[in-house]
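Single-structure report; data block below.
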Amino acid sequence: MANPLYHKHIISINDLSRDDLELVLATAAGLKANPQPELLKHKVIASCFFEASTRTRLSFETSMHRLGASVVGFADGSNTSLGKKGETLADTISVISTYVDAIVMRHPQEGARMASEFSGNVPVLNAGDGNQHPTQTLLDLFTIQETQGRLSNLSIAMVGDLKYGRTVHSLTQALAKFEGNRFYFIAPDALAMPAYILKMLEEKGIEYSSHGSIEEVVPELDILYMTRVQKERLDPSEYANVKAQFVLAADLAGAANLKVLHPLPRIDEIATDVDKTPHAYYFQQAGNGIFARSALALVVNADLAL
């Protein structure tokens, strides 16, 4: 059948149906098992990062090189015509689109406007905006499937900054496309999961609950998804309290299949001795970004009969 994602913008995880997600994940698994170094040969990809990034930018650029594509772009938007001369974002991206076959972009502006405001005919892949991080979600899903053998009938806890953490918003929306998943949200009141995410779960009849500590739910979990509590969002006294409340230690009493994930960077929320436990999987998770982002770049650039 024709590739449904060819030349499609991927701005939000909601741009992808369950079938689309399964297509990207199957492609990622194939690339991990059998690397294909020339699938995007002669393609040129723009890497446009208007915000700081380490893992996302480097894994995207590595992914492109491993598929045979050339990469152009920048890691500091302040040195572009947009930053120096006042050019609009729409004009900047419209011009770049005439040079390349696809654009990977991180920008604080929410992605729907980011894609719709430029006149170009190449796909835009959102590498993180003010609300969504779809490619992080793809590597998270790939990692969950790799460790659990499925994406349905899972018990998933999300811990830390659930209000501003774009990774947990996208991941919850994606996992809600698969049946039987159950969510546990663990966060201070000031950083609780946004109401629109909870409403979405309720409308779909998906079970969730809120909790004040990690320990009370660990025995139930397949996936424990940690995030950092962002110091800049809280009063100093409140931060000191919640920081100690949401620290994962190596003595967690989880099931044998439990995996601890984290979008990184971690600060203090996962003790370093957790790294040596069989539950820790966040560094492998980061490595899976190569395969998930390679797969996404491939399916939007190659009109394959998949």
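Quick reminder: no glycine exception, Cβ is built from N, Cα and C everywhere.
Summarising the annotation, Swiss-Prot assigns carbamoyl phosphate binding site to ARG55, THR56, ARG106, HIS133, GLN136, LEU264, PRO265 and lists sequence analysis as the type of evidence. Feature annotation from Swiss-Prot assigns L-aspartate binding site to LYS85, ARG166, ARG228.
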Go through LYS85, ARG106, ARG228, the listed binding-site residues, and name the one with the sparsest Cβ surroundings, counting other Cβ atoms within 10 Å.
LYS85
To the nearest whole angstrom, what is the C-alpha distance linking HIS133 (carbamoyl phosphate binding site) and ARG228 (L-aspartate binding site)?
16
Top Cα neighbour of LYS85 (L-aspartate binding site) in the set of binding-site residues THR56, ARG106, GLN136, LEU264, PRO265:
ARG106
Within 8 Å of the centroid of the Cβ atoms of ARG55, THR56, ARG106, HIS133, GLN136, LEU264, PRO265, which other residues of that chain place their own Cβ, given that this set defines the recorded carbamoyl phosphate site?
SER53, THR54, GLY128, THR167, PRO263, GLY289
Helix, strand or coil at ARG106 (carbamoyl phosphate binding site), per DSSP?
strand
Secondary structure at LYS85 (L-aspartate binding site) (DSSP, helix/strand/coil)?
helix
Using Cβ atoms only, which residues of the same chain lie under 8 Å from THR56 (carbamoyl phosphate binding site) while being at least 6 residues apart in sequence?
ARG106, ALA127, GLY128, THR135, GLN136, GLY289
